[in-house]
């Protein structure tokens, strides 16, 4: 074949034609590729030998010119060796291709790349020597640049994979801790709860909430017995009472005067004292008595600090109680409150008893009845008084009005009242402090507006049948000679007038103090003088306990009080603290546990058969504990933005719910709907104190499942009984209780690490130093901060645009050209904008051990 080729040197065959056309393209090639991209017809896929011969016949003149151009190259000129350059670029492409195959793991290519795509001839020629290129010939091409990046990325990837394998092997035996699991458990009786009240009509319970949305969800979970909200009834009642009167102490001043108090010897020896007397606006106190203190306002009690309420009746979880009528003063009638029959088990004296210490009567068939009774009162007054000049309206002239004098001793006042039904007060309890003796009843009476009187509401007390012996206790009944009892008739007959009086004060015990509220001035403000009438206005939900009375069959009789009537109600049975406690007994205080130790089997558990899905309802009030529990203001303000928060966190809820994979946890009590109020209840507050400790233990505030390294787990001698899981046949209470000790120990470990962590102390010190350095920023006005920040932001954006725009444009251009199948290069600069008539190809270097003629 070699002899035939030498015999006909003028004819150019397909093989030589293919190389000459490659040279023609390479003469205009730079680092970025050919200037005018062309297609070598001899390299078209699927071309046959016949087609190659036809191309040789057609392109023979062009091929002859290309051969002559190559042969006329002069050695002494410094033109770039285009042909050598093209061969180097071809080899560099193969290097990049080799790196790509190494990156994807296709190592067979590295061994067979020299055999792929090469045409082999069995000819008798000398073996070519290895070619050498200097750095100037090589330059820095795009292939070299991206090849280096590819190599660096490959090494980094394998390093990361190797590190991940090592980390996984080290943490395979780690203990799993579930932070803030979606379940609730009862609180301890020793825990402190933070609460606040809310009532839309009451300023003392409305100044920080605005509108309340009761977050509730139905659930069927079983919670073991724990403390209820009734355990804190006395503390809640005392706080509500202070709230009711706090507004009045900050109100307007009704009267002010100065008085001089003298001592026993007059003003001698500086025993005189000048006292400034300030009487506040009694209108405020009277409003409190008319509305809140007497329970005419519905009040909801809401917990803060991450605690929740579990209603044992409705099986619901919520932050707030249902609206309750909470009278803060003793009353004859009140909200539903039952009494207890077994008096031996009653430890709290405030709880009403259904028996009595000195009576043989037995009350059974007790039931709650609404107060379908009305009281009518008519006030009459003798007429001593005086004429008063008043202006009735701007249309009329001044006129004289008769105003009776109610302060005169000559004035005779009567306030008879009657009931619409018989009321028998069957027993007596220790009600008000300084209680009225005898048979008595009290109620609220409403006076309509008239020409001479304004609309008002008074508290009226009626008393009759007072016992004559004050050393004995007035007792309802007519059995004589009862030890320590003064028998009185406690029946208030219908349509019978009884002498009553306006209650101008009441006495309450707040904390350990007995406080007397004198309402005389407040009553005077409503113009009680004259003749007027009123009708009781008991709330519709109020009533009394009506019982049947049966005398005991005990043979020992005559020394105990028998039934005063066959039916009766319990007089003064409503005690505010006891009533509040009974209303709150149905609300169990629960919380979301901070940690739950989870066996590894739980995370890997696969149910054998399809089970019912566990629906987790997530109501988002995430800042309840952050808002400052117990401070009062804005403690539950997040509830008003519930809908906005729900829309914002909906995507996060779905991701977290999917990540928990609760369907794999076959807890008996968790196969129903469970409510989690807040994804991170108190998480932010706890993280502030346990950040460094949790970091050392392998957790952060954004993780719900944390794998504590086994080394740390064994260092603190913590073990978990893997058998408690029992393949999922465990209740919520059992799981929590069996790991409760470990949870407490885990919390103590966190506190111990936090207090003794050197890194934590160092971090705090560095934070303080940084704060000292940047403290001057706080002295800059706000508008200057905004202006400076805007200028820096714009400048940084322009700088990044200048630096990154060329690279971005080149990247986009290269991607487009790669998709099209070729690469466009830039035209080489030519001085004088004139193209040389003849572009000669020169070698910038020489081939190792080979002359120029031999190379050609």
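The backbone N, Cα and C atoms fix where each Cβ goes, glycine too.
Quantities reported herein were computed from a predicted structural model and do not represent experimental measurements.
Taking Swiss-Prot as the reference, the stretch among 643-661, 662-680, 681-699 described by the feature region 'Immunosuppression' is residues 662-680. According to Swiss-Prot, the feature transmembrane segment maps to residues 786-806, out of the candidate ranges 786-806, 807-827, 828-848. Matching 616-636, 700-720, 721-741, 742-762 against Swiss-Prot, the residues noted as region 'Fusion peptide' span 616-636. Here residue 548 (N-linked glycosylation site) is positioned 32 angstrom away from residue 298 (N-linked glycosylation site), judged by their C-alpha atoms. If you average pLDDT over the topological domain 'Extracellular' (1-785) in this model, you get 64. Note: the Cα of residue 418 (N-linked glycosylation site) and the Cα of residue 548 (N-linked glycosylation site) are spaced 24 Å from each other.
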